[in-house]
Amino acid sequence: MARRNIPFLRAQRLEQEALTLGIAALIALALAIWTSAFLNGNNLASLQTAIAPNLIVATGMMTLFLIGRFDLSVGAVMGLAGIATAWALGAGASTPLACLAGLAVGLGIGALNGLFVAGLGINHLIVTLGVLYMTRGIIEVVMSGQKLAGFTGFPEGFTALGRFEAGGLQGMFIGAVILLLLMELMFRATGTGRNLLFLGGNPDAARTIGIRRRRVEFLCFVVSGGLAAVAGILATSRVGMANRYMGEGLEMQIFIACLIGGGSIAGGKGSYVGAFAGVLFISLLTNAFNLLSVPSEWQSIVVGGVLVLVVIADAIMTLRKQNRSWGSILGISRFDRILRAKR
Amino acid sequence: MGSTNQTVTSTDHHAGGTAASGRGDAGRSFGGNVLPLSAIVALVAIVLFATQPNFGTASNINSILFQTSIEFLAILGFTYVMVMREIDLSVGSVFALTGTLMGALLVDDWNFWLAGGIALAVAAGIGFCQGFLVVRFGINSLMLTIGSLLLIRGCSNVIANDLGGRTYPREFRSLARTDLFDIRITIVFMAVCVLIAWGFQKRSALFRKMCFIGENMRSAQVHGIRVGRIKIAAFMASAVTAGLGGIFTASRITHADVRMGLGLEFVMVTAAIIGGASLYGGRGDLRGSALGLLLLALVLNGMIMFDIEPVFQQFVIGALLIATVTFDTLVNRRNG
Amino acid sequence: MHPDGWARAPVRPLAAAERKMSDDSNILDLNGITKTFGPVTALSRVDLTVRRGEVHAILGENGAGKSTTLKIINGELDPDDGTVAVAGRATTAPERARGDIAMVHQELAVFTNMSVAENIFAGDLPRRGGRVDFDRMHARAAELLSLFGLEIETREIVSRLTPGQQQIVEILRAVRREASLLILDEPTSGLNNHEATILLSLVKRLSDENVTVLYVSHRLHEVLEIADRITVLRDGASVTTLDNDALVEDDLIRHMVGRDLAGARDARARGIGETALSVKSLTQIGEFEDVTLECRRGEIVGVFGLEGSGAADFSEALYGLKAAGSGRIEIAGRDMRGAPPAAMRAAGLSYLPANRKEAGLYMERSIVDNIAAPILDRISRMGLVDRDRIRKQAETDVGRFAIRVPGIHAEPRQLSGGNQQKVLFSACLADRPDILALNEPTRGVDVGAKAEVHDVIRSEADAGRAVVVFSSDLPELLRLADRIVVMRSRRIAGEVSGQDLQEDQIMALAAGTA
């Protein structure tokens with residue numbers, strides 16, 4: 001029997017992940033060479049703490065991407081969870097209890113998303129968008145009496161949570177990476193992980209092989225909400241305040257990071273390594289803009305442009321896989337016809 | 001799985017059953033359910049009118065209609081993009097870019113009409129690019145326009161930051177306050193558009209083609225419908241009408257603002273779906289979209305009247321969005 | 001279920017023979033099954049007995065009750081009346097759903113994003129500890145694939161396989177379960193002849209293994225080739241069960257439709273006119289190369305090719321759905337290569353797509369809309385549609401094509417496959433084209449409707465239209481076409497007409513043995 005060798009990256013479906021990771025590495029390299037500030041301890045520390053919550057949120061988002069869903073409420077959930085934790089601390093709760101309160105908010109909103117999407121079958125874009133609005137509304141109401149900085153002045157025990165570091169490595173960053181690796185292991189090696197891909201690849205057929213779609217979907221939304229809450233709690237602990245700005249617009253950043261890292265909104269594609277690569281890419285880009293003091297609006301131009309390019313490249317590669325020639329993809333044959341008509 | 005049963009049984013050659021009578025034109029008509037929505041809008045208006053003396057004042061009603069009519073400009077093309085099972089999330093950004101760009105040109109002492117023409121041409125160019133990419137490469141428009149949303153927003157903010165806080169010239173500021181028959185010109189425009197849309201959706205071949213494209217693009221292609229052209233045209237229309245709305249908004253707020261049109265795309269999605277459009281294409285109604293915007297404006301206005309925290313508005317928009325789609329999903333059992 | 005899956009030796013002819021002798025009880029007994037949906041009776045008192053180890057075929061037109069019967073056997077539906085006994089024991093639907101029955105549905109249900117091995121073992125990945133045992137999974141999958149002579153790498157992503165290979169992977173998933181009853185619903189509908197042959201040998205092999213196979217297919221010759229016994233359903237009732245002994249296709253057709261159909265080839269004497277369509281050296285590298293074809297008014301030209309021959313790509317390029325790099329497509333003397341479908345239609349070429357659900361129908365729009373879709377511009381004035389004309393056109397077509405519908409506002413999804421196909425034909429013919437390119441005109445259509453569709457095609461040709469029929473159904477082409485162009489390896493392998501129109505000759509050309 002003829003056995004063709006299939007390249008490792010294709011067999012493991014890591015092609016786009018490798019590419020994104022490579023580009024992120026190039027950015028890091030370029031920054032290290034051309035700016036003195038990049039390898040500065042402070043910068044590396046702040047980079048890690050900026051990446052950590054994003055990684056955690058992206059882990060949840062990628063889980064949903066695998067099954068063909070996404071959650072736009074994560075940024076707002078992150079904010080509300082931080083506020084809930086801060087509020088509980090202010091009301092005299094102990095640190096663990098306050099964290100539980102924050103986590104409960106995340107799990108609760110995740111369950112709400114899951115209930116509507118998995119239970120009632122409502123489109124996930126609509127549900128999570130609506131929940132994003134609603135959560136932001138709640139945040140505004142809660143914060144309406146507060147000063148701009150929001151809740152501050154947390155006990156030592158709580159702030160230590162996000163500020164733990166050892167030898168230049170930030171505790172929350174290490175934690176986030178470990179979480180991500182564990183998820184990757186689950187996804188690659190266990191039946192549960194493969195089932196996510198089965199479900200994302202063909203939801204109808206997944207039912208026939210005994211995957212309970214609604215249950216898995218519901219749980220994934222709960223996981224996504226819970227992880228967003230964890231990220232919110234850690235970020236609150238790190239910066240020492242909880243205000244209405246936390247996590248604002250984060251959903252789009254994470255969404256884009258997952259896409260750039262190899263996820264697909266159609267589902268059945270992606271990996272946690274890819275989520276890592278995507279977050280790293282976006283965070284390094286942000287860091288580069290800060291170090292080079294480029295105005296923030298240029299950042300959205302670049303990120304948006306990168307996304308547009310990724311989407312176009314992906315579409316062209318899909319067409320190429322269908323054996324379409326470059327001429328027909330780019331529409332050169334059309335010009336050819338016009339020329340012939342003129343002759 | 002009721003439909004499967006029907007396929008198996010009711011149309012058996014020899015059964016000759018007439019049991020399942022067609023659902024008639026109502027099954028999937030070319031247009032939405034405007035009547036029930038009108039009733040709801042009227043009901044909300046009546047409740048507000050009866051309970052809040054401030055609601056019925058001419059200035060309040062005028063201001064609600066004015067607000068709605070400007071947003072209506074932006075939802076005009078957007079609705080028809082949705083009919084074709086595409087989505088244009090860049091409307092808010094194009095809205096901001098066009099308005100800000102025109103303002104910036106006028107600050108630089110350009111001719112009024114030339115500046116407007118250039119700004120709208122830029123919008124049309126953006127719409128063309130998006131439509132072209134979607135058509136030529138088969139790109140998912142949701143993903144593409146999320147990218148262009150950021151990209152265009154960035155460009156718009158570059159211009160806005162250049163301008164700083166400078167006010168636009170008087171000529172531009174007065175544009176939004178132009179009246180026709182003592183009514184704001186955008187309100188008149190909205191009324192005319194709704195009437196035209198009525199006929200357009202009922203009778204025109206083009207709207208039918210759009211619905212066909214939205215329901216099954218490949219069938220439409222086989223049937224010789226020029227899918228690419230119609231889609232590109234719709235994306236252009238969406239960008240240009242959003243640009244028009246942006247020009248009027250910029251004129252109204254009198255200076256560059258980086259928050260202009262922020263999140264507008266999601267208000268558009270909400271209103272269009274309330275108005276009968278579907279994320280799964282094949283449906284949509286400009287009259288409904290207008291009513292959807294009006295309903296949102298009335299509810300928000302009512303909340304202010306009832307002294308409900310204005311910051312709670314976002315909550316209400318979110319809840320309305322979910323409620324509408326849930327209702328639609330449960331009643332029509334559309335899959336997705 | 002065997003706890004160790006496919007670990008035991010797969011082929012044991014002796015053991016199988018032993019079992020066949022020792023155990024002759026029925027694996028399945030359907031007795032007086034009745035099922036109604038609302039006012040409509042789908043099945044009335046259906047009896048079916050399947051013996052252990054046999055290949056049992058179920059035949060019937062669409063709407064005859066095959067799908068409902070299968071669903072009941074597979075435990076997806078409960079009958080209103082009657083009993084279903086498995087291995088002599090009466091069972092309920094949930095028991096059967098959990099039990100020892102594996103069914104491959106008609107719709108493709110593969111996971112295109114996963115590897116071949118994962119698809120085969122979907123739902124039951126081999127595990128060791130808490131982890132998936134990938135080595136064992138790939139080894140077993142390779143074993144299974146090589147057993148049936150398939151050269152597919154088990155780590156390959158399924159999206160890179162041909163549709164036929166995908167279908168086989170899906171069937172292997174059911175085979176892998178080693179159920180004692182395997183139900184195959186139209187398993188060859190997406191396969192080319194080579195793959196269909198592999199599948200049929202697979203079925204025979206399973207039968208040797210003492211697996212009972214319940215086989216549903218429209219392709220009568222397949223059924224005759226592999227079935228031990230054949231049960232014919234008609235109008236929701238079981239008509240008869242035949243032993244497959246010296247049966248010929250006409251016997252089956254007679255039972256299925258309850259009447260004799262017109263004989264094989266109709267001798268025609270129709271006037272053939274001037275050239276309407278002329279394709280010259282049409283080439284798209286890698287898809288089809290140097291294709292030259294002519295079709296004259298009143299002529300039916302068949303194009304036959306196995307999967308991968310390029311015939312399917314050529315058919316789409318002919319209508320402008322796909323690009324063609326060089327060559328000419330001349331319609332009335334004008335070169336139309338590269339023109340979009342809209343321009344092709346305007347030039348008088350109309351196209352019938354191969355898969356009506358994928359492209360061709362709007363399943364949730366009324367029949368009126370479906371028929372009007374291609375002629376919207378013609379029936380509009382100043383962009384406004386003449387709705388009376390649309391309705392009249394639809395009423396005429398429903399009568400003309402004898403479409404059995406509840407009303408012209410019914411939606412295609414409510415119709416049977418045959419009637420859907422007729423709606424598709426109405427849309428295709430709505431603008432009275434000069435040239436027809438028909439792609440698989442009777443795919444998934446039952447015997448009765450097939451004959452009606454053939455009549456329509458002939459009468460269109462008689463009316464002076466040039467007709468090109470692309471079909472993988474060779475008997476159909478033999479019946480219809482004046483001459484048949486055969487494609488192989490992206491090129492035209494030859495042309496057959498007159499006395500040479502014989503199945504074996506054409507097949508030899510297509511498969512490259514001539």
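Backbone N, Cα and C define each Cβ position, glycine as well.
Annotated region 'Disordered' per TrEMBL: B:1-24, in sequence order.
Residues or ranges marked as compositional bias 'Polar residues' by TrEMBL: B:1-10.
Taken from TrEMBL, the feature transmembrane segment covers B:33-52 (among others).
Positions annotated as transmembrane segment by TrEMBL: B:64-82 (among others).
Residues annotated as transmembrane segment in TrEMBL: B:89-107 (among others). Here the transmembrane segment (B:89-107) has long-range neighbours at 74, 78, 114-116, 118-120, 122-123, 126-127, 130, 142, 145-146, 148-153, 155-156, 159-160, 162-163, 166, 168-169, 171-172, 238-239, 242-251, 255-256, 260-265, 268, meaning same-chain residues at least 6 beyond its ends whose C-beta is under 8 angstroms from one of its own.
Here TrEMBL flags B:113-135 (among others) as transmembrane segment. Through the fold, the transmembrane segment (B:113-135) approaches residues 77, 86, 88, 90, 94, 97-99, 101-102, 105-106, 141, 144-145, 148, 152, 227-228, 231-240, 242-244, 246-247 of its own chain, all at least 6 residues removed from its boundaries and within a Cβ separation under 8 Å.
Taken from TrEMBL, the feature transmembrane segment applies to B:142-160 (among others).
Here the transmembrane segment (B:180-200) has Cβ contacts under 8 Å with residues 62, 65-66, 68-70, 72-73, 76, 206-207, 248, 285-287, 290 of the same chain, all six or more residues outside its ends. TrEMBL lists B:180-200 (among others) with the feature transmembrane segment.
Positions annotated as transmembrane segment by TrEMBL: B:232-250 (among others). Same-chain neighbours of the transmembrane segment (B:232-250): 70-78, 80-81, 84, 86, 88, 90-92, 94-100, 102-103, 116, 119-120, 122-124, 126-128, 130-132, 134-135, 168, 172, 175-176, 186, 210, 256, 260-261, counting only residues six or more beyond its ends whose CB sits under 8 Å from a CB of the stretch.
Taken from TrEMBL, the feature transmembrane segment applies to B:262-281 (among others). Non-local neighbours of the transmembrane segment (B:262-281) in the same chain are 31-34, 37, 71, 74-75, 78-79, 82-92, 95-96, 149, 213-215, 287-293, 295-296, 317, 320-321, 324-325, 328, 334, 336; each lies 6+ residues outside the stretch with a CB under 8 Å from one of its CB atoms.
Under the heading transmembrane segment, TrEMBL lists B:288-306 (among others).
Annotation source TrEMBL lists transmembrane segment at B:312-331 (among others).
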Positions on the same chain near the transmembrane segment (B:64-82), where near means CB under 8 A and six or more residues out
88, 91, 95, 127, 141, 176, 184, 186-187, 189-190, 193, 210, 214, 234-242, 244-246, 248-249, 252, 261, 264, 267-268, 271-272, 275, 277-279, 281, 284-286, 289-290, 293-294, 297-298, 301
Where else in the chain does the transmembrane segment (B:33-52) make close Cβ contacts, counting only residues six or more beyond its ends and a cut-off under 8 Å?
274-276, 285, 287-288, 291-292, 294-295, 298-299, 301-302, 305-306
If one takes Cβ-Cβ under 8 Å and requires six or more residues beyond its ends, the residues near the transmembrane segment (B:312-331) are 266-267, 269-270, 273-274, 278, 295-296, 299-300, 303
